[in-house]
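Taking it in order: structure first as structure tokens, then the write-up.
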């Protein structure tokens with residue numbers, strides 16, 4: 001049996017017994033995953049925050065959200081973060097996934113409407129730390145994003161705030177590009193897909209937060225240097241490929257084609273299992289390249305005369321990339337988002353209970369911007 005996307009494209013059967021999405025044993029991420037000991041505190045904090053901001057309403061929606069254990073993804077990403085920083089990261093991650101789920105239905109194929117959503121969110125990202133006046137027409141998504149933006153940038157160096165803003169703008173704008181991919185008569189090539197997905201995966205803002213948790217901001221010339229630039233791209237690609245393998249059945253059930261496994265199957269004319277093997281090989285080649293770059297980096301920095309404190313910050317930053325790759329895999333295999341429960345939640349036209357937030361206004365808002 002085949003399934004259709006919202007644009008009528010035929011997709012493979014997501015209920016096939018030869019399910020390739022759990023075949024992650026061949027993925028080689030040679031970095032250990034560690035869990036932050038403050039994970040449960042972050043969970044309790046964020047459950048309260050998503051209700052205060054109006055992102056979730058009602059016990060049923062909150063219970064369904066809680067089964068995803070999204071705070072654990074951040075606890076893997078930032079295993080050494082303070083309790084306050086982890087709470088803020090968990091809030092951002094809650095917003096990220098709730099926002100992502102808005103595009104599982106018809107909105108995901110309407111780029112002009114998405115542009116309006118993006119513009120409203122971009123307008124909240126002031127770099128001077130001054131909050132934009134609230135608008136009575138603001139949605140819970142906008143109000144919640146404003147809250148976490150202000151908390152994240154409070155006291156941060158100006159150059160870091162600019163990078164953080166640029167990465168979030170690119171993340172938001174990429175949803176317009178993904179809508180165009182869904183509407184196109186032909187699937188994009190893998191490279192065309194990655195040009196957009198490298199932004200919509202949201203890894204770059206997460207790596208910015210690695211700096212924040214470490215209490216430093218890399219100088220621009222060091223941040224943009226060749227080794228770190230390529231290592232960031234590798235980190236994002238590995239997260240993309242792992243996500244696409246693990247979430248394949250869920251995305252087929254929802255009718256979404258923005259998945260590297262689906263794209264490679266279409267262009268190579270192979271089976272889903274063969275496509276999974278190919279994407280796995282791409283991920284493994286990238287982690288091997290990352291390891292080689294990381295091994296040569298200390299000597300490169302010393303030869304360039306980079307001061308010792310900056311070298312320590314780079315070491316922390318590189319560890320942060322390792323945490324993101326390893327933590328994403330560990331969390332993805334444990335969350336209910338991609339198991340049978342998560343697949344059923346988006347099958348047969350069903351949407352998550354937090355769908356529709358791009359137009360809902362509501363009245364809930366945080367009592368005050370928390371500082372972390």
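Numbering starts at 1 and runs along the chain as it is shown here.
Every residue gets a Cβ built from N, Cα and C, even glycine.
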Annotated stretch (motif 'DDXXD motif', per Swiss-Prot) among the listed ranges 90-94, 95-99, 100-104, 105-109:
100-104
Could you give the number of helix, strand and coil residues in the motif 'DDXXD motif' (100-104) as assigned by DSSP?
4 helix, 0 strand, 1 coil
Tertiary neighbours of residue 337 (substrate binding site) (same chain, Cβ under 8 Å, six or more apart):
68, 97, 247, 250
Alpha-carbon spacing, residue 251 (Mg(2+) 3 binding site) to residue 197 (substrate binding site), which is rounded to whole Å:
15
Average model confidence [pLDDT] within the motif 'DDXXD motif' (100-104):
88
Relative to the Cβ position of residue 100 (Mg(2+) 1 binding site), how many further Cβ atoms are located within 10 Å?
15
Tell me the Cβ neighbour count for residue 251 (Mg(2+) 3 binding site), meaning other Cβ atoms within 10 Å of its Cβ, over all protein chains shown.
23
C-alpha spacing of residue 104 (Mg(2+) 1 binding site) relative to residue 338 (substrate binding site), in angstrom:
14
